[in-house]
């Protein structure tokens, strides 16, 4: 299933996402390339990518360049290795496709499940509960997808929340595997569906941002923020943690794996709080300033032109820099952005 997921992702990027991006006017052009310079290139590759003031002064004397020009060169050189807007669009497209498809599959399947309406059904007759084919495929597809994210995180666009996302993927894979091995698939399916509810909205916002549909992007992001906070800070603790912590204890007692299972679920809740804080802070900046000056997770630095020229124009919640990079990006389970 992991191989099938990778094949699906690769083909969707090649035959679906890229043509869509081209039709929307997204070009496969990267940031401004740095002027070739053997001395600076050697410093960049062998010593440091962000030289301090003392080294900048030394290079300035050696090359007879002013410090500002050297700083600009290093900034362009760092951005030169960053992914293009087309690459980021394709990544978001396949994630959007999967999140949307798996969410509707899960909600359609769970709508007729008795434990969707009464969480106590998750523990009746446990662990002797039948595993239906639809529930099996739902679980396996989710597990394969998160393993795919785990591996691709090392090759995809690098972001500052790499460690948080790595912990998230580990906790998610651990929960899916652990709940499947212990036949806790009923409550596990509720956790999966709840997390998928907001992820496709985040990816939709990113797609609109890359295509420069700013109002649509802002609308999707605000909707994502509302759904994320309601599901992760409201429904998740009141619905999921309530049944795993209290109803399970009441109906079947403190089974041996109770502590580990709930420990993983609480770890996810801690991550939910962190990402919710980032979302709220981003929205607050947008309301107070009318724009977001800098995203805490940004994967592309501001261009030199942006730092040299101050713009007073009002931008949306997800502004696009001159080099085509988005100010907010990533997976919330998350994502991948303020939470990916």
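A Cβ is built for glycine as well, from the same backbone N, Cα and C atoms used for every other residue.
From the options 56-75, 76-95, 136-155, 196-215, the stretch TrEMBL describes as transmembrane segment is 136-155. Among the ranges 2-21, 22-41, 162-181, the one that TrEMBL lists as transmembrane segment is 162-181. Per-residue pLDDT, averaged across the domain 'TLC' (87-288), gives 87.
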